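Taken verbatim from Swiss-Prot:
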type: REGION; residues: 295-366; note: region 'Disordered'
type: MOD_RES; residues: 356; note: phosphoserine
type: MOD_RES; residues: 371; note: phosphoserine
type: MOD_RES; residues: 391; note: phosphoserine
type: REGION; residues: 403-429; note: region 'Disordered'
type: COMPBIAS; residues: 415-426; note: compositional bias 'Polar residues'
type: DOMAIN; residues: 450-515; note: domain 'SAM 1'
type: DOMAIN; residues: 528-592; note: domain 'SAM 2'
type: DOMAIN; residues: 616-683; note: domain 'SAM 3'
type: REGION; residues: 685-779; note: region 'Disordered'
type: COMPBIAS; residues: 736-746; note: compositional bias 'Basic and acidic residues'
């Protein structure tokens, strides 16, 4: 806009200057014309020619003046837009004046030549001259008016320039303010970004602290649960010891008074034919320490019965034949673990296997009583309260005719001094022996031959389910009825509401059914729920779930049927990695055919050497981590579920996953590389091939190893074994991401069809399901 105003002002100035020049030129021409007219009039030209020329010149001058005045007037009333047109008009008038000048010049020439016919008089010339002078005066006034307009325009121009300068100044100030605002905004934005980053860092720190507190709370909860489970286990152990003490005292009373009857029970049982199968009493199970001591004290002076050294083989328990002797029995006592003592077979058979009876040595009675008194004194020191007899009555009462124990058995005085107490102890001993005979029939007689008492003894003692004995006594009268029971019958007839308890009974019944069909009882039957809850869960590093497994009575057969949904729904194993750890631990048991002896033998061989890592326990993995100079991180694997089967059988559990489980920071690349090198030397896939395909610890007939059976079907007709365990697929694409967040997508355990011919009645909800976002934790 300022540029347009400047250009307009320049054009106006140029037009005014050109008009001034034209007016000056016109004045000069008029002066020259007047002078020539005066010369003509003074020179005495013709009387007719002089006035005529003067008149024409005056007329021309008047015309020019009139036109100039008109032009000036138009210029005064015109606007700035009409200035250009006025300049053009002035130029045209100048052109006309020039033409008139030429005409006047021609007239002068004609007048000089005497061609003019008429000459104005001097008076007329004077009149015309006066008129011209007036016209000139008007022209001067017009010029002055034009000059005044020019001055006014210049003033307006100056005002416009000053206004433009003010606008420029205002604009510059606004621009400066805008720059200041932008500068302040940028600074404020940077400060806001810094504050947001600081808040984000603080938030991350608080999140880490929150998760750390949660982890610590979880650890504290797990530790409290583990302590609570240990306390419960100790209480249960105390009750079992009390029961065993009562059994020992009553057995002692029975042995001292009824040795011939004890001798008859120790003899090999008669054979029972069932088709081509022969059921023989197996006497290779160890006795409890107290009873073994009493028997050795009573019978040490007599030679063993010849039948004790014969080889006894039972189709129900297809074990390696063993020669029973006093030395081997003593060695069995020394090598037995607390879990072995607590097993159903040990508890139920400990009173049935002894040396050959002989005459009672009365002189040896006092040391036996003294040893029992020492045991009772130790028990009283641990628990100074009156011992309850509920568990003992449940174990040794028969049916609905339950009798109280003789209180004289727990007296420190000599039990032989009173005839009444002696007779009561004999009757109680007979009931105990009757119950033990029923338990003995459980392992020596097919289930279809069982009577009602044998079924009740099996349910109460072997299966550890005394809560269902009453309903069983009312509804189940024989083993054939037990074999024909369905899951609905178990729930309605026996009141078994727990699905896991029903499955435990179903698996046991099917196992005995297979034993009658010609196969032996599975070795998983030797793994009772005490061993699973105490020893096995501790070996795989998940002892925090011991109480749940104990409550649901999970034994070896149950382990072989557990699936992901069972772990999550019934056993409260919610973490995916813990579920995988348990399933891989079961897979290892499956590879060794659920042989506890074979597993312990392999673990003993690799205790001091870094070999056979597939059988490593969680404690052995911790020892290996300490041996490779990572002891500051070893404690993070406690109760983490990391054991040898996870390290070997799961190919996606690599060094990154192990480092994450150990809690090694991602920035410590040297430690992670060191761990990867150590793992590659121990857990290389080629090192475990022989372990997984070990011929020494083969799989049951009709089942291939879970590592090599992929893509093959079992055509041998063993539907139970074919559907008993589902193969484990890839658990995930990786365990090492913790950017949980450590939250990559992981794969899943493969689902396979359980088979329509599954005799174990595997429930639909127990089938293996997929795992999503599997996560390794060090909690």
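Glycine is no exception: its Cβ is also placed from the backbone N, Cα and C atoms.
What you see is a predicted model, and the numbers here were worked out from it, not measured in a lab.
Confidence over the domain 'SAM 1' (450-515), given as mean pLDDT on the 0 to 100 scale, stands at 90.
Sorting each residue of the domain 'SAM 1' (450-515) by its DSSP state yields 50 helix, 2 strand, 14 coil. With DSSP states grouped into helix (H, G, I), strand (E, B) and coil, the domain 'SAM 2' (528-592) comes out at 46 helix, 0 strand, 19 coil. Helix, strand and coil content of the domain 'SAM 3' (616-683), in residues and according to DSSP, is 45 helix, 0 strand, 23 coil.
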